[in-house]
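Asks: Shown below is the structure under consideration.
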Amino acid sequence: MPVVSNSTYTAPLLFRNAHVQTVYPSLFRRVTGVEYTRRRITTPDDDFIDIDIASVGARKAGIILHGLEGNSGRSYVLGMARVLTRNGWDAIAMNFRGCSGESNKLPRFYHSGDTDDLSTVLTNVEEIDAYEELALIGFSLGGNLILKYLGERGTNVHETVKRSAVFSVPCDLCAGARKIGSSGNRPYMSRFLRMLREKIRAKMAIMPGRINDNGYESIKDFEDFDNRYTAPLHGFKDAEDYWLQSSCKQYIPEISVPTLLVNAQDDPFLTPECYPLEEAARNENFFFEITRHGGHVGFVAFNASRQYWSELRTAAFLNGNS
């Protein structure tokens, strides 16, 4: 059964608190040594996606997908890009629509299940860069998107995609959305909603009359936001329909590419439904590792290489160590 027992991650003493793990990297971590070149990809619906490439002239590359309201400049993306380039891989950071510092051209933006945009990026990279091997690496929302893509495509994924590693994934979006909306997570919810409101406000300014501006300032949680914006802008009936269709958990049994999922036991955004033990037991290609500590997109480590455990774990997995 490919459930990885005895995880190698040991959290530093002060980081055995889920909220410290979750907050510390975004506030205090600074990653240097990564230089990007930007490429703009035109989508089939005449919008655009920006990808940022850190190249060392390798014949293989890792494509990194960020979390909700992240981008290629987040410390967890930069840290992963740095470990890839140190280990002989090019790093390609995908910015979801509207996340690259410039609003996208359409009223729609991005969501947890938008695998078509990932496919567009993969096609572009395969056609232009001709890598011999690609790996997919994702965090939180980006991890859900990767697992959904791999599962819904089954054996028909892009042929250069050989491995995948994802971290802190809310495999059940309904349960995850309600957990982050709970009273203990109010500071996180407030921060996410502030960023999302700013995005909606910017869209309203450049697309007057095309975005629903009725009561957007009073949105109190993800259910409100997804009912008002995500669902109607992306073809879903409502938030519940969006969550049900986009949750990756149902697709895990069909994943055919060797894939590692790591969720921390103390992740403040996840519920028991987000730990797919049964699905892992039924798929020999899917390796599920639960760490005791790590928070949400944390996995902090202090070492001479200044690499977090999640980055070292990814490098090992991409090199064939399950």
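Note: Cβ is positioned from N, Cα and C throughout, glycine not excepted.
Checked TrEMBL, it gives:
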ACT_SITE  Ser140  active site, charge relay system
ACT_SITE  Asp267  active site, charge relay system
ACT_SITE  His296  active site, charge relay system
DOMAIN    63-299  domain 'AB hydrolase-1'
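Set these features in their place in the structure for me.
Replies: In the three-state DSSP scheme, Ser140 (active site, charge relay system) falls into the coil class. A 10 Å cutoff on Cβ-Cβ distances gives Ser140 (active site, charge relay system) a total of 25 other Cβ atoms nearby, all chains included.
In the structure as shown, the Cβ atom of Asp267 (active site, charge relay system) sits within 10 Å of 28 other Cβ atoms.
All protein chains included, His296 (active site, charge relay system) registers 26 other Cβ atoms within 10 Å of its own Cβ.
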Asks: Can you grab the distance from His296 (active site, charge relay system) over to Asp267 (active site, charge relay system)? Cα atoms, rounded to a whole Å.
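Replies: Cα-Cα, rounded: 5 Å.
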Asks: Could you check what DSSP calls Asp267 (active site, charge relay system) once collapsed to helix, strand or coil?
Replies: coil
Asks: Take the C-alpha atoms of Ser140 (active site, charge relay system) and Asp267 (active site, charge relay system) and report the distance between them in angstrom, rounded.
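Replies: Each residue's Cα considered, Ser140 (active site, charge relay system) and Asp267 (active site, charge relay system) end up 11 Å apart.
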